[in-house]
Amino acid sequence: MALGSSEDVSGVKLLLLLAVMYGLMSALAYSVLHMKFVNPLGNDAPLHQFSEARTVQHVRMLSQEIHGRQEGRPGLKRAAQYIKGQLEAIKERASSNVRIEVEETTVSGSFNMLFLGHNIALGYRNHTNILMRISSVDSKETDPSVLVNGHFDSPLGSPGAGDCGSCVASMLEIARLIVDSGWTPYHPVIFLFNGAEELFMLGSHGFMKTHKWHDTIGAFINVEASGTGGPDLVCQSGPSSWPSDVYAEAAIYPMANSAAEDVFPIIPGDTDYRIFSQDYGNIPGLDIIFLLGGYFYHTSSDTVERLLPGSIQARGENLFSIIKTFTNSSKLRNTFQTNSSEVTASVLNNERAVFFDYFSWFMIFYSRRVAKILHTIPIVFFLVMSFTHGRSHSWSAALCDFIKGFLFHAVGIILAVVVPVAFSLLRLLFTSQTMNWFAHPYLAFTMFIPCALIGLLIPRIIWRCFPLSRDVSIVKTSKEALSDEARFWGAFGFYAVLTVAYLVAGLSGGFVTFLVCASMLPAWMSFCSSVKFFGQRSLRSTMFYILPLVPCLAYSVYFGGFLAQFLIEKMGMMGSLPLPYGHYVPDIIVAALIGVVTGWCTGPLMPICGHWLARSSILQFLLHLTVFALALSSQFFPYTMSAPKRVVFQHTFRTTGSSQIMESTYDFSVTDSNSLLFLFKYSPEVAKELNVTSEFSFESASLSKRNDWMAIFPVSFLFSNSLKFPAKGDDILKQYEFFPQLSVQNPSLNSEKGPRRIQLELSLGSLEEVWVAVLNITGPLSSWSFADNLLPGTETDDGGPQSYICRLSGPSDWNWTFWLETNSSEALRVDLAVLDQKLVDPVKRLKDLFPDWVDVITYSSFMSSYIF
């Protein structure tokens, strides 16, 4: 890097200083996000304190000693017995001041819902919920209570230590803590250990529809996990601002951000929160979720060893304090106490608050009404300053200069996104491998931050080509001072406009840009004061500008770094898009996000620091660093054991009658952009077993269509470029005598006039570990016996006819009976897919051939079709 002048040398010094500053901020953010500041308590901790070690013992029992907590497997029943046993033991040692009730209930029902943007009906029977109610001896059945909910079932193929053994274990430890600490709740506390969340929130639905306590709930806390630790973030709160206000008051380690509520709806997935607060209740509540460790979410690596130390300790202390605050709140109400006027007042006050934590040290919270005032102050300030700067005859020129600064800063932020995206596309033109940063998040930052800085600095280079509107001789101020002023107020105006845009859009993330505006003002005043002593073009003056911005920039690194880490971990399960364009999507998304984060974290510095950084020597260095990082990235393999590639392996049987197999295939799909061809290239033993040669291609292969994956609808819509291979079906005949089958019951009862009702019976045959059965009904269906006779919206598959989808779950030891009704003589077609978790030996051997950096979810699907 050739340095041509003293200002080049000063620019390099500033660049190094900023690198050190941002490095220290990143280290601080990393330590906070990974719970380094939390001291987990051991098994010998006092009984009046929450202990992570005691909690982890429950997690170990649920995820390690008890094998298989999926619906249809014996481990789920054992888990329910363990939970109930622990609750009964807590009940036995409770004092006489509290009343403890423990119940085991089975729930059944049917309802329609929209999940992942798809219409679906759900029918379920005999799922197990375990409940504990802790109250004072003087409490009444109708007293408002606080519900704490977590699920003990786990997803397919996963031990479920994080999701959600950690939730259940935390609830068990808190229940123990309430009893052993001698605290008597002012209002009852109900713990709901529900056994069917992974099947689309069935356990919570059953509680809300059938249990006597559901009307007493005045507030709830839903505890979830989308990883194995890290920030236990409040991702949703409502329907009013009261729950988030309680959290802000009570949390020991506040980890909440109202911007998460803007982002959560676009993330694939859902939680029990929607059942309590939206679909089947209007109960105020919090949705608190572990968000880091997403590499292991819904995989076989979600084990107790992967739990992030300190995370459960912070969660437990937070939950206990929040529960206390909820139960003591005068605003706690339930349906027995709420009259119509209170409901109206609640609706009028149904506004989301604005809140965020600062490094989990403290929390800032203010109402939407206050936000409407605060978040409009920056734009008003910008307009006032543009009119008051300069003499009366030059206010229009000042406004023009400010607008010029606004546009240049906006272009810089846009280029900070566009340039990394362009470099990511350029890299992929020379390599067939994408997502090299997946297992190495630091690589993504190294690849895209330097080129994002180049994009930020480009407008500064061309600034001199556009003269100022104000005449230096008239305003009697130096050109450098006017330029700095125009760039600063332009940047300030840019963030002020974004703050107002957030507000107008009804979003809650406007605090991000408001904080920038609020920090830039003291930075500018500090800079203007220092100029009098050190001059306009002095590094010392520049430092006086930087220092007041440090708290804001540190928060930007904290929150922006968390967003980038979270997204990178989730890119392994966001789905695969059709080739060739799907190959580019993950790198584009990550490059764009890091560009946005870079602009957010460094943009406020550019009005003053840009003078030193926008130099050809520094830009050349950043360009060389970008090229080096992009070239180096090709040497990194995208996956490791700690960041596995996800593969879905379905052994498909197409059957007819009760015991005949028409076809048997192995179907494979992946959930990211590195296709199955990539997988077979680096899994030679699997390729050899499937007879995949070097000439193998999608054009010559047998593609697995979306309806082949009906057993996991609608998750199957995340798949593309799925493949199928022929397989033998003899082994399954040794394992099962009978296969799932639909049959007509009492055909003579069908009337020849009026609506035609078809009475059907679904037998699940000899299958032993059924997770779910899915019906895909095509034709003029007018009614059915599910969901109170209400049909969901229709679905279409690859341009095919419209159909209705229904998922059935529950014990498979007796048959399902239901009816379908049509007003037409046209036939109904019913396609059936039943997911069974028991595998034949050849499938187990093939699964074991995959390398250790691959996580394989494997199951059997029995498919059959019927015309009625």
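Residue 1 is the first one shown; counting continues down the chain.
Each residue, glycine too, has its Cβ placed from N, Cα and C.
TrEMBL does not curate its annotations; it predicts them automatically.
Lifted from TrEMBL, the feature list:
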| type | residues | note |
| --- | --- | --- |
| TRANSMEM | 12-33 | transmembrane segment |
| DOMAIN | 129-320 | domain 'Peptidase M28' |
| TRANSMEM | 370-387 | transmembrane segment |
| TRANSMEM | 407-430 | transmembrane segment |
| TRANSMEM | 442-463 | transmembrane segment |
| TRANSMEM | 492-521 | transmembrane segment |
| TRANSMEM | 542-568 | transmembrane segment |
| TRANSMEM | 588-609 | transmembrane segment |
| TRANSMEM | 621-641 | transmembrane segment |
| DOMAIN | 643-866 | domain 'Endoplasmic reticulum metallopeptidase 1-like C-terminal' |
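When averaged over the domain 'Peptidase M28' (129-320), pLDDT in the model lands at 95.
Contact count against the transmembrane segment (407-430) (Cβ pairs under 8 Å) is highest for 588-609, out of 12-33, 370-387, 492-521, 542-568, 588-609. Through the fold, the transmembrane segment (12-33) approaches residues 1, 3, 230-231, 292, 359-360, 539, 542, 546, 550, 553-554, 557-558, 561-562, 565, 601-602, 605, 609, 612-613, 617-618 of its own chain, all at least 6 residues removed from its boundaries and within a Cβ separation under 8 Å. The stretch in 370-387, 492-521, 542-568, 621-641 that contributes the largest number of Cβ pairs under 8 Å to the transmembrane segment (588-609) is 542-568.
Through the fold, the transmembrane segment (492-521) approaches residues 258-259, 261-262, 352-356, 364, 371-372, 374-376, 378-379, 381-382, 386, 402-403, 405-406, 409-410, 413, 548-549, 551-552, 555-556, 559, 600, 603-604 of its own chain, all at least 6 residues removed from its boundaries and within a Cβ separation under 8 Å.
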